[in-house]
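Here's the structure, in structure tokens; my notes come after.
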Amino acid sequence: MEIHLNRVDYIQVGVTSQKTMKLLPALGKKATQKVAVADHDGIITCFGMKKGEAVPVFKTLPGQKIAKLDLGGAAGTPQEKIFVCSGSQVRGFTRKGKQFLTFEANLTESINAMHVSGADLFVCASYIYNHYCDCKDQDYYLSGDKINDITCFSSENLTRFIPVLACQDRVLRVLQGSELSYDIEVPGPPSVLELYNKDGGQEILYGTTDGKIGLVQIGEASAATKWEIDNDKKKGGILCIDTYDIVGDGVNDILVGRDDGTVEVYGFDSASEPTLRFEHVLSESITSIQGGCVGKESYDEVLTATYTGWVTGLTTEPQKAEAGPGDEVRMSKEIQTKVEALRTELEQLQVKVLQGREQYQQTSQSSTAVSAVPVFSINDKFTLCQDDASYSLTLEVQTAIDNLLLQSDVPIDLLDVDKNSAVVSFSECDSEQPNGNFLLATYRCQANTTRLELKVRSIEGQYGTLQAYITPRLQPKTCQVRQYQIKPLSLHQRTHSIDQERPMNRLSLVGQFSFAEIHSWVVFCLPEVPEKTPAGENIAFFFHNTFLGTQLEATYCKGEGHFKSDNISTISILSDVLSKEATKRKINLNISYDINDESVSYTLKMIHPKLEYQLLLARKVQLIDALKELQVHEGTADFLIPEYRNILDQSTNLLEEYKKQPAHLERLYGMITDLFIDKFKFKGQNVKSKVSSLLEILDNYELNSLLDFFNEA
């Protein structure tokens, strides 16, 4: 059963953070609901709709940036009290805007996640969880990785509250008091949690930064995953989730907001499996989503808040009303009044803009003029995509982007992104110079582009910095710089376990270094490692290479570190970088290796299907032009063998795929060459003179010939 929703824009507030908009409970059965939304200016705006216009209920004074907004109230009463957190402070307001609570949590870091239930307040900073009851300290927990969100539930079956933390290391941590009860592995870093049934129950919805959604049943001692929705269409990451029966079949539907502006509604089929019922794309990331009734009585809607502060409804109310014979005059009058009001508002805004321009010209030319740089917010994200072993760089600005300059001091490839309509141009780079550039690319954006998505792929072993210079369409011209670290093992992703049966190579370090020092070296080398030194005396991390599928295990403690991988090149990169880092700090390292020759052939066999596929793709692409010429010359392609006819039929897809993966074949050649050099480096042999012979074998590739060459060299 499909649903049809129509878009209505209500108001715009300042830039908003994730989960900062809520619908207050309705006062009557069919009454419309008030909306509370908080922004980065520290303002809480509460409004309701009257005769199609947004009417303010209250608006607070500006202050510190508001990170989260939640509703609460005494148990058994409507949850209509508004709670917001700014820095380490939590404030409470009534539905009419009167402040009744100011609570200082005394945390060293700002609160980034909050849940309110009755007299209980649950807050999280980056790694710290605190539980307060009637503003008195109850429980405390230090997480092993960054906390992204929190929710908490109690039910008739449970004698206590169960807090659940969504942590960056792809784990949901279930707490009991100040202790970890157990954890649940999820398929991506969870960014948001939501109770499936707000009236009770032990089911929790989660959304991940790589766009997956799942439902988990939480028990006292263990949890069970009910279902998962994969992100096959490569949509954006999940920023917000809500549940509401928008379809009207008596079952709560799942409302989802993504960072690429996609709004989705999932219903349930007869087998209780989630199915997509509705999809709409806005131009900005969706920071909050709620289901309810706002615009008009009896018409349900999906309410969203976007990054730049637009509060927008997707309503079931038909926007093009069917007018009867006697309604024509009345309908036209209503529309006329609305159009006149909008015209008047537009004229007033144009006058304001002209006045502002004149005032700016006068002040900028006066003798006492002071140059003022316009301030603008940037929402940026640099994440590793598991599917294609690339990094996705998303930049979102509160005003239109004029241009973006990308600069990198390490070799990286720019990949095609379908959603990106900006015009890109490249400048020549001199990478031979000290601190030289490997990439200088300029993106010129179309008018009203506020969000830009780019994809880059790095080479493991080559590390440095990628810089983005963002210039918005503001006067006077101003620019902000964002920096992103390309790490030595940049294509490795955290995982929870590895296959211990594979042939492994080992690197061992012994020296006078502290636990914090070796942890900082691992943070420098590998992505997705928490910057905070873990609690305890030792730690083990597992990784897999998203490009090749090889794996790495890192276990270390004070004065000792052990690294195991089935890829010799990974061990070689780690050895070089860790030696450099230790030398910088004047620490002597005793380094030992245990190299397993079987691991080389194992890695080559893992590369084999990828290499074979890319070689075949390259050959097909090379044939396309010649085959098209033959087809034009002969007037038909019927005389060609089926294989060539198939290449012609698939030519558009083949060229598109080849274009999307620039230098893919060269990358694989490079990895095999590095593997060859690294294998013999550990044996004390320099085989660089034999690389040309290796490349000849790769040009006429056959797996057994390659294995023989590695063994005979």
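Cβ coordinates are placed from backbone N, Cα and C, and glycine is handled just like the others.
According to TrEMBL, the feature coiled coil maps to 332-359. The domain 'BBS7 beta-propeller' feature in TrEMBL is assigned to 21-316. The domain 'BBS7 GAE' feature in TrEMBL is assigned to 374-484. The domain 'BBS7 platform' feature in TrEMBL is assigned to 492-594. If you look up TrEMBL, you'll see 597-710 marked as domain 'BBS7 helical hairpin'.
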Key: Intrachain residues whose Cβ lies under 8 Å of the coiled coil (332-359), provided they are six or more past its termini   = 52
Inquiry  = Please count the residues of the domain 'BBS7 helical hairpin' (597-710) that DSSP assigns to helix (H, G, I), strand (E, B) and coil.
reply    = 93 helix, 0 strand, 21 coil
Within the domain 'BBS7 GAE' (374-484), residues counted as helix, strand or coil by DSSP = 0 helix, 60 strand, 51 coil
Ask   = Under the DSSP assignment, what numbers of helix, strand and coil residues are found in the domain 'BBS7 platform' (492-594)?
value = 28 helix, 38 strand, 37 coil
Request  = Let me know the model's mean pLDDT on the domain 'BBS7 GAE' (374-484).
outcome  = 88
